[in-house]
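Q: Take this structure, written in structure tokens, and hold onto it; I'll ask about it next.
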Amino acid sequence: MDTTTLATLAAATTMALASQTDMSGFLWLLVLGFIIAFILAFSVGANDVANSFGTAVGSGVVTLRQACILATIFETVGSVLLGAKVSETIRQGIIDVHMYNGSEHVLMAGSISAMCGSAVWQLAASFLKLPISGTHCIVGATIGFSMVARGHQGVKWMELLRIVASWFLSPVLSGIMSGILFYFVRKFILSKVDPVPNGLRALPIFYAVTMGINLFSIMFTGAPCEYHVHTLHLLPWWGTLCITLGCALITALIVWFVVCPRLKKKIKRLNGTVGPMVITDPHSGRSHTIHKDSGLYKDLLHKLHMAKVGDCIGDSDSEERPIRRNNSYTSYTMAIYGIQGDLKNKDQDGALQRRSRVDSVSSSSSIVTSSSVVQDCSVNLETDKNLDLEEDELEVDQPAVSILFQFLQILTACFGSFAHGGNDVSNAIGPLVALWLLYESGSVVSTSPTPIWLLLYGGVGICAGLWVWGRRVIQTLGKDLTPITPSSGFSIELASAVTVVVASNIGLPVSTTHCKVGSVVAVGWLRSRKSVDWHLFRNIFIAWFVTVPISGLISAAIMALFIYVIL
């Protein structure tokens, strides 16, 4: 009996070894792959990570440096704990890898070509400050090399159709969800004379939904890697749902009994310390007091707040640049303060004259403010009968409302970063995992788990890209596309996360990047019809449209070089 068993095992081992190809002669491909994979991870960090923290930086909740630190932690942890489906991206998800039996080195070259095509286009998009989908990049690049190596056969064209559908589904669905959420936030909280009571009542619900959605996403979609605990993935969907609901309920109770009382005290202290502002009429020399309840007071506070946001993003020279009407941020500022659209209206001292609409019960006159006196919170008064009423006024958060939504937006961004690290590390490391397992096993079909050190390698590359170049796309999402406040930023973050989780689990093709852009545009349009930079949105949509063909063409060209020149 023992002899028969040993003979069977020996025969099986011999057959397995015979089916494997000796890959030792292609070590140089593996080394080249590791180098290019790091560049690809760098490009993913520079472009895709802005999805998580772009709105948080844009609303002034965190600085760019703080966002980079938080994203570094959560992206790395997420990539290690959740990034297990990486090997599926190129090996089985898009092309039929069985066509490469006996020519494994061609598939290795294809993996390198795919990484090159994806990295080049993502770096170009980051340079142009355009947020694009890393998943679409790698899909297009994979199809490109496969077309050169094996023709159109073996390509799963349904994946391409799903991508085309996601161009429209993602921004529309996410935009609708964000719009609905922001509508209720504005109606029941922001539009109230005193938004604090309703805001405090809604806070436990917001925290519970945020925690529940993100936990469900992590537990339900995360897959086990080499050293990951498998227990969570043995749970049925209803078990995951019960755990999620339980955690959400506990979160709501903690927020209601611990967080809300603290925030209430903090807001009372804020209202007690912030006093009225004093402004001076240049004609009469008389001083006027602007009380905290007036519209001008709120405008001035928001102006100072947005100045801090500009410093966070590094936009310190904004006053020295020409003011462009097609830039949503400057259009937004002009909508509130009536800034002239060109530099011809400078006075002798070179200061731009700014007109501000006053929505105040105590004053019906128009205000002219000079940028040189914003620092000491004093402005000059001047009557202007020709007030431009065509500008669409944009709502701003009161300081108390900002306090309510600040940490909530940070929490949502951190969850998004964690999930992004697990999901989109596949775009950077998927081809490298295929390359490594090909070299290690000598077979196109490998059941080996993804090594955790490869996931960590991808996480490091992503973080490097974020620190070096991430600010470019963060500026587009957080500032240039439309101005963002903590309340609108929270609506964008939560609704786009809900859209991704729900759509992914019912089989609808969506992209995280497209969802986030759709939410930003929808909420910006709801806040003010003229606050969205439609010219920039058009450029972003064009970039989505050309992502698959451009990354595919670059990949195909490199693959042709491999097949006809190098290999």
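Glycine is no exception: its Cβ is also placed from the backbone N, Cα and C atoms.
Just so you know, TrEMBL annotations are computer predictions that nobody has curated.
Annotation source TrEMBL lists transmembrane segment at 28-46, 130-148, 160-185, 205-223, 235-259, 452-469, 536-566.
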Q: Considering only Cβ pairs under 8 Å, which range in 130-148, 160-185, 205-223 makes the most contacts with the transmembrane segment (536-566)?
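A: Of the candidates 130-148, 160-185, 205-223, 130-148 scores highest.
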Q: Find the member of 130-148, 160-185, 205-223, 452-469 that has more C-beta pairs under 8 Å to the transmembrane segment (28-46) than any other listed stretch.
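A: Out of the listed stretches, 452-469 contacts the transmembrane segment (28-46) most.
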Q: Can you work out which residues elsewhere in the same chain, 6+ from the ends of the transmembrane segment (160-185), have a Cβ less than 8 Å from its Cβ atoms?
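A: Those are 133, 136, 139, 143, 202, 487-488, 490-492, 494-496, 498-500, 503, 508-511, 514-519, 521-523, 526-527, 541, 544-545, 548, in sequence order.
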